[in-house]
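First the structure, in the form of C-alpha cells, and then the observations on it.
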C-alpha cells in the first residue's frame, strides 16, 4: 500500500483490492447516464419511463416541532419527477455534496484529500460491498468481538475466516489486535480489513477511547490493513462532548500522517428513519468507484425517492439544524438510559454487572450465572415463560461461544416497563441460582 505526496500523504488502497472486485465491469448503460447532463446533448440512451405516466402529483412532508425547526416540505414538478425516476448508481449528486460538506465540517476532511462519498440502501449494504472490494471468499477478516451479527452473518455465509478482536469497557482492545496480528502464521496472508463499531457499539453499548483509536490506527499502518468504521450511533453520543473521541476518519491524518486506510459508514437509520434505508460511505475515491460499480450491476442505485426526501429535509434544516436534531435525539436516549440504569441498580445489583453506555441504545449485561449455564439456555427455557426477552450473548460471538451476557435495548420499551423488565431478569437469575 503506497503513498502519494509528502505532507498528509494519501495511502493507496488499490493493492489491497480483492481478485473478485476486478471482475466487475462498468454497466454499459449506467456509465453513459452522467453524459445526459451535458449541454445540448440529445439522449436516446436509457429506457426510462416518461414522467407523464407517473401518477403522483406531489409529496408533502409536515415536520414535527423540534429544536431543529418545524415546517412543511413539498416536492413537486421537475424535482418530483427526478425523485420518481431512475437515478445514478453513486446516488443523488446534491445529497452527496451535502454529506461531503458535513464530513468536512464534522471530521475535518481536506477539500482535496482524494476522498469522496456515495449513497447506499442502508449502511449494511455498503459494508457488504466494501467487504467485496477488499476480500475474496475464505480470506481472514478482523472482527470486533462481541460483534454486530448483521455483518458477522454475511461474512460467515461468504466463507470468510472470522478473527475475533476483543473489546472491553474502553472499546476495541489494541492489545488483542496486536496479538492476533503478531502471532499470525508467516505462510498465511494477513487480514486486510478490520471491522469495528466504535461508538455505542452494538451489542456492548461501549465507545472506543481516542487513545485506543490512535493505537489501532498505528497498527493499521504497521500491519497494512483497512479499518471499516461502522459508526451508525456516532450522532447518538450523549456523553461529555469534551471527552468525545474523534472518529478514526478524523484522527488518521494526525496519527499516521496520511489518510486512506479508514473507510467510514454513516447512516440515517438511527437519527432520521430506518425505513428510508439510506447509508453513506466515505472513503478514497478508488474504493467508492468500486462500490459504485458493484451497485450499478446489482441493484442499479439507491432509491431516488427516499434520497430526494432526505435531501429536502437536510436542506430545510441545514447542517446546524441537522446537528440540533441529532443532539435532541441523543438526549432522548440519554434520558431512557438513565431510567433503565436506575431500574437495573434497583433489581440487578449482585445479579449482574454492566458498564453505563455514553452513546447508542444498548446495555450489555453480564449475568451472574452458574458455570454450566449460559444466557441462551436461560432465555430459551425461562425468558418467554417469565415474560421478558433479550438477545443472548451467543448471537454476537463469531464462533457461537456460550456466554453469560445478554444485550438489552432501552430504545423502544416504555419507560414504565423498564423497572418490571429488570425485576423479571433478576427473577430469572435467582431461579437459575436456586436450581444449580
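Backbone N, Cα and C define each Cβ position, glycine as well.
Taken from Swiss-Prot, the feature substrate binding site applies to 30, 86, 148, 202, 407. Residues or ranges marked as N6-(pyridoxal phosphate)lysine by Swiss-Prot on the basis of similarity to another entry: 270.
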Exercise for the section: Return the residue, from the listed binding-site residues 86, 148, with the maximum count of other C-beta atoms within 10 angstroms of its C-beta. Expected result: 148
Problem - Under 8 Å by Cβ from residue 202 (substrate binding site), counting only residues of that chain that are 6 or more apart - result: 148, 232, 233, 360, 362, 407
Problem - the residue listed as 'N6-(pyridoxal phosphate)lysine' to residue 86 (substrate binding site) - Cα separation in whole Å - result: 26
Fill in the blank from the handout: Under a three-state DSSP reduction, the secondary structure at residue 86 (substrate binding site) is coil
Completion exercise
The correct three-state DSSP answer for residue 202 (substrate binding site) is coil
Completion exercise
Reading the DSSP string in three states, the entry for residue 407 (substrate binding site) is strand
